[in-house]
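In what follows, a single structure is set out as structure tokens and then discussed.
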């Protein structure tokens, strides 16, 4: 298999693992709460941003330096691309706005963006 095809296939596989992880975590969080605030997506996007920050900032040991660019693609575009879900965030915001639940919608937007940015930089900072 050519290297390009291999990385495409592995990125797709990693993305499917991320999507399954998102689904499982989402179902588990939803089973714990009945609130209108979309906690599952909030936690998934926050934890995904934190993990992305770690990948972004990590300087791997010498034996892994050569393969690290491929690992970054598998972890970020693949796994974390399948795990995090900006589109669901948008749909949930639109749903809250349609219900005229302005307070929850604005809180969700503000907290989600703040958490995602903060978690990304925290993850990056931890490994730097």
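Think of each number as a place in line: the chain as shown, counted from 1.
Placed from the backbone N, Cα and C atoms, the Cβ positions cover glycine too.
Automatic prediction, not curation, is the source of TrEMBL annotations.
Keep in mind that this is a model prediction, so the values were computed, not measured.
Marked as transmembrane segment by TrEMBL: 6-25 (among others). Residues 40, 43-44, 70, 73-75, 77-85 of the same chain, all 6+ positions outside the transmembrane segment (6-25), place their C-beta atoms under 8 angstroms from a C-beta of that stretch.
Look at TrEMBL and you will find 37-58 (among others) tagged as transmembrane segment. Beyond its flanks by at least six residues, the transmembrane segment (37-58) meets 22, 25-27, 29-30, 72, 75-76, 80, 83-86, 88-89, 92, 96, 104, 107-108, 111-112, 115-117, 119-128 of its own chain at Cβ-Cβ distances under 8 Å.
If you look up TrEMBL, you'll see 70-93 (among others) marked as transmembrane segment.
As annotated by TrEMBL, Na(+) binding site applies to 81, 84. Residue 84 (Na(+) binding site) falls outside any helix or strand according to DSSP and counts as coil. Packing around residue 84 (Na(+) binding site) is summarised by its Cβ count: 23 other Cβ atoms lie within 10 angstroms of its Cβ, all protein chains included.
The transmembrane segment annotation in TrEMBL covers 105-127 (among others).
On its own chain, residue 81 (Na(+) binding site) has 15, 18 as residues at least 6 apart in sequence with a Cβ closer than 8 Å to its own Cβ.
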